[in-house]
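Working notes, beginning with the structure itself.
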Amino acid sequence: MCGHLFTGHSESTARSSVKDGDTVTHTEVTTKKSSFSTSAVGKTRASKAPLGQAISPFAKFQQLDKQTSKSAPSSPKTPGTAGAPLFKFTDPKLSRSASSVKDKLLYWSQSKTKEYKNIQIENFSTSWSNGLAFCALIHHFCPDAFDYDTLKPEERRKNFELAFRVADDKAGIAPLLDVEDMVMMRKPDWKCVFTYVQSIYRRFKDED
């Protein structure tokens, strides 16, 4: 808020004459008045959204997933639901053992990697944090792409890079997960992992 001061001036003149014999005296009085007024000028400060706001890993993942979903085959839909993917397994054991989409995909991942060492898939977060679960799942469908037995749990970066590269090169599965993000996080966002594993399922669901 800024204040401005304005000053105005006005003046008036009074004249009078007095005659004393042969002498005439003229008197002139000038009166000056000053007036002051103030006005306030309000200044509005526009708020600006912060520039360069950090994007969460999941937000970035969603952007990538939208770009690749246009070319990816559509998942079967449940009648009467809005876009919810339905996992229909030919193996009746899978249908009986899993009650939800998430559970079904988890069970599917377990069934494809149960013969691999150093693998214990119990969720879509920490169970995938060293990269071996991704490698085992991809190796199950692309066994000639690399030697799984040479991989080590502590070589996390190598495992992520290998799994994502082979999935992309051999199966056309876009690398939606970022290697740097996965290496930094010991507890990955389960939604990111779940959606990437879902893309692997969509690619291989009819092959095994």
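Don't overthink the numbers, they just go from 1 along the chain as shown.
Glycine residues also receive a Cβ, built from the backbone N, Cα and C atoms like all the rest.
Bear in mind that TrEMBL entries carry predicted annotations, made automatically and left uncurated.
Looking at 1-26, 27-52, the stretch flagged in TrEMBL as region 'Disordered' turns out to be 1-26. Mean model confidence for the domain 'Calponin-homology (CH)' (99-205) is a pLDDT of 95.
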